[in-house]
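Single-structure report; data block below.
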């Protein structure tokens, strides 16, 4: 019984802590409101580019996306959408990322795609294909899926979402389709923790 009460106490304490943080968030500082209406589904969307050095740091060094995922309630979806406006293979990478999402293979190809893009080693879709094949995706899966109806739909979803939110720079996080995290307003000395807490707080607003 003591353990149950302790667990309940911790749960209430955590909820109060998150709600308190949400109340302390200031529009124009930690976040910007981009819509009057929240999305029907609770979600966090990160827009990124494999060519973006800051996205690389977010993903590979500070692991902010994974820390956000680990902190999210179970009923909140986390999505990563690739943008088309950085790098000469950006459109091919958006399509390849759509294929990775369709196959549930994001974790297999994300790191090698980041590494290759940062080294400017991607000259064509063939180079992207080679990375997929070297990381557990079969030729049949890649060739049969890259221009499939499902992948075309996921490409359009990424492009349309970036246009809807008027994304001009990355990495860029949006919470419930209503709020954009403003990294310039976060605590520089404790940036990663503040970023994650801001996302959690915005989910409560």
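The count begins at 1 with the first shown residue.
Backbone N, Cα and C define each Cβ position, glycine as well.
Database features, via Swiss-Prot:
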{"type": "DISULFID", "residues": "52-55", "note": "disulfide bond"}
{"type": "DOMAIN", "residues": "23-201", "note": "domain 'Thioredoxin'"}
{"type": "SIGNAL", "residues": "1-22", "note": "signal peptide"}
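In the predicted model, the domain 'Thioredoxin' (23-201) has a mean pLDDT of 98. Ranking the disulfide-bonded residues 52, 55 by the number of CB atoms within 10 A of their own CB puts 55 at the top. Residue 52 (disulfide bond) falls outside any helix or strand according to DSSP and counts as coil.
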